[in-house]
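Chemist: Below are the features listed in TrEMBL for this protein:
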{"type": "DOMAIN", "residues": "7-392", "note": "domain 'Major facilitator superfamily (MFS) profile'"}
{"type": "TRANSMEM", "residues": "7-29", "note": "transmembrane segment"}
{"type": "TRANSMEM", "residues": "49-70", "note": "transmembrane segment"}
{"type": "TRANSMEM", "residues": "77-95", "note": "transmembrane segment"}
{"type": "TRANSMEM", "residues": "101-127", "note": "transmembrane segment"}
{"type": "TRANSMEM", "residues": "134-157", "note": "transmembrane segment"}
{"type": "TRANSMEM", "residues": "169-187", "note": "transmembrane segment"}
{"type": "TRANSMEM", "residues": "214-235", "note": "transmembrane segment"}
{"type": "TRANSMEM", "residues": "247-266", "note": "transmembrane segment"}
{"type": "TRANSMEM", "residues": "278-296", "note": "transmembrane segment"}
{"type": "TRANSMEM", "residues": "302-321", "note": "transmembrane segment"}
{"type": "TRANSMEM", "residues": "333-360", "note": "transmembrane segment"}
{"type": "TRANSMEM", "residues": "366-384", "note": "transmembrane segment"}
Amino acid sequence: MGQDRRIWLYVITGILLNVTALGFARMAYGIVMPFMRDGLELSYSQAGMLGTSTALGYLGVVVFAGLLAARWGAKKVIVIGGFLITVSLLCLSWVPSFEGALVMMFVAGAGTALIFTPLIALLVAWFPRRRGTVIGFMSSGAGIGTLIAGSVVPIVIEMVPGSGWRAVWALFGFFALVTTVWAFVILKDPPQSAVTTQRPQLNSIDLVYKNKQVLLTAVVYFFAGTSYMIPMTFLPGFMLEYSMDPVLAGWVVALGGFLSIWSGPLWGIISDRIGRRLALLMSSGAMIAGILIPVATPSAAGFVTGQFVLGVTIGGMLSLIQATATEQVPPPLISVSLGYATVFFAVGQLIGPGAAGWIIDHLGGFRSAFLFGAIAIAAGTLIASRIRKETEIGAPIHHVECNTKVMR
């Protein structure tokens, strides 16, 4: 297969997997939840616990996903993750109780973790000189999946009264099955994976866990995780508190979701041209501005402008951090490095909304919470400025011989 054909075939496969893992298995729950809560007669606390279960499944498995990919090969781990998501979504279509749903949501989170970091590692190993582009396009799958879910769920709910939410999960599960089979057929591990199947030795793993640049990148990812969930979670409430029309507020949120589809590819292409660190600093600065605009001008114009900036920035900034994490280690350890950094990100995601909610209740409302988010991103930006300029640690697979010393 030619390299030009392979890159786009793999990018499309990556987008489909991300639609499944992030769009359907994680993001879609918020859309399905009201109908699922009524169907299972859940309290709001129980509904919240289901979302937390998915997050815990992801957090508990993501660090091991990189290690498993380094040992078994990324493709095998991706396929396992896809089948876990398939099973969990199909089971959610017939679970009779809260307890069963709790287990399946955890499995969905675990499956997402087994797809996310190994998929990035596989794409970067094949196309190291275009890592920003491929990661950026792959990341658009989350936004695409969310938009699809937002469009499909109301239609299915209306078509299947009473149990429409079960039909939604069954539909998503079938999509996950088809996508997983497609990935099994299309994806191939890069050549070095075929000869590095033994478990990485301690001195190899130290290249990740004792690597200052990896740690700096992970801390930047933590601050990004802490801050980006704040506008995603609280912007609707912020707009309504300042008497914005609910319909217009909904359109503002939708604007951010639509723009996020293009954010990753845009910043990925930019970073492949001007360098990862400069692009990361630029996107971080733009995100700070996007958060602060509604703080300074809590009006319709301020909310729309801020959401526009955030929409074209957040997804790209996260993709750039992921790409940066892959540049600090030799190719066989990319999945380990990314898994390690993603743990920091997941912890930030857990901390950010809770801290912001407490600030809203006790320290000055939404403006103070958004200011906290801007400060977190500013701290991450300062740390990002200390990350060394990327070096060429990889080259296209068809141009180089495999170097496997690090794994021996």
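A Cβ is built for glycine as well, from the same backbone N, Cα and C atoms used for every other residue.
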Chemist: Please report, as numbers and ranges, the same-chain residues at least 6 past the borders of the transmembrane segment (302-321) whose CB is under 8 Å from any CB of it.
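Modeler: Same-chain contacts beyond the ends: 132, 135-136, 138-140, 142-143, 217, 220-221, 224, 228, 231, 235, 238-239, 242, 244, 249, 252-253, 255-264, 266-268, 270-271, 276, 279-280, 283-284, 286-287, 289-294, 296, 341, 345.
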Chemist: Do the transmembrane segment (134-157) and the transmembrane segment (247-266) come close, with at least three CB pairs under 8 A (pairs 6 or more apart in sequence)?
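Modeler: Yes, the transmembrane segment (134-157) and the transmembrane segment (247-266) are in contact.
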Chemist: Please report, as numbers and ranges, the same-chain residues at least 6 past the borders of the transmembrane segment (247-266) whose CB is under 8 Å from any CB of it.
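Modeler: Same-chain contacts beyond the ends: 133, 135-140, 142-144, 146-147, 150, 235-236, 239-240, 300, 303-304, 307-308, 310-316, 318-319.
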Chemist: Which of 7-29, 101-127, 169-187, 366-384 has the most Cβ pairs closer than 8 Å to the transmembrane segment (214-235)?
Modeler: 366-384
Chemist: Check for me, if you would, whether the transmembrane segment (7-29) reaches the transmembrane segment (366-384) - at least 3 Cβ pairs under 8 Å, residues 6 or more apart in sequence.
Modeler: no
Chemist: Mind checking which residues of the chain, 6+ beyond the ends of the transmembrane segment (49-70), have their Cβ under 8 Å from one of its Cβ atoms?
Modeler: 25-26, 29-30, 33, 42, 77, 81, 98, 101-103, 105-114, 116-118, 121-122, 196, 199-200, 332-333, 335-340, 342-343, 346-347, 349-350, 407
Chemist: Same chain, outside the transmembrane segment (101-127) by at least 6, Cβ under 8 Å from its Cβ: which residues?
Modeler: 3, 6-7, 10-11, 14, 17-18, 20-22, 25-26, 29, 36, 40, 49-51, 53-62, 65-66, 68-69, 74-75, 77-78, 80-85, 87-89, 91-92, 95, 133-135, 138, 187, 189-190, 192-193, 322-323, 326, 331, 334-335, 338-339, 342, 394, 396-397
Chemist: Should anything in the same chain at least six residues away from the transmembrane segment (366-384) have a Cβ under 8 Å from its Cβ atoms, list it; otherwise answer none.
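Modeler: For the transmembrane segment (366-384), the nonlocal Cβ contacts are 216, 219-220, 222-224, 226-228, 230-231, 234, 237-238, 241, 277, 280-281, 284-285, 287-288, 291-292, 294-295, 298, 352, 355-357, 359-360.
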Chemist: What residues in the same chain, six or more past the boundaries of the transmembrane segment (77-95), come closer than 8 Å to it by Cβ-Cβ distance?
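Modeler: Contacts with the transmembrane segment (77-95): 17, 20-21, 24-25, 40, 65, 68-69, 101, 104-105, 107-108, 110-115, 118-119, 122, 166-170, 172-174, 176-177, 179-180, 183-184, 187.
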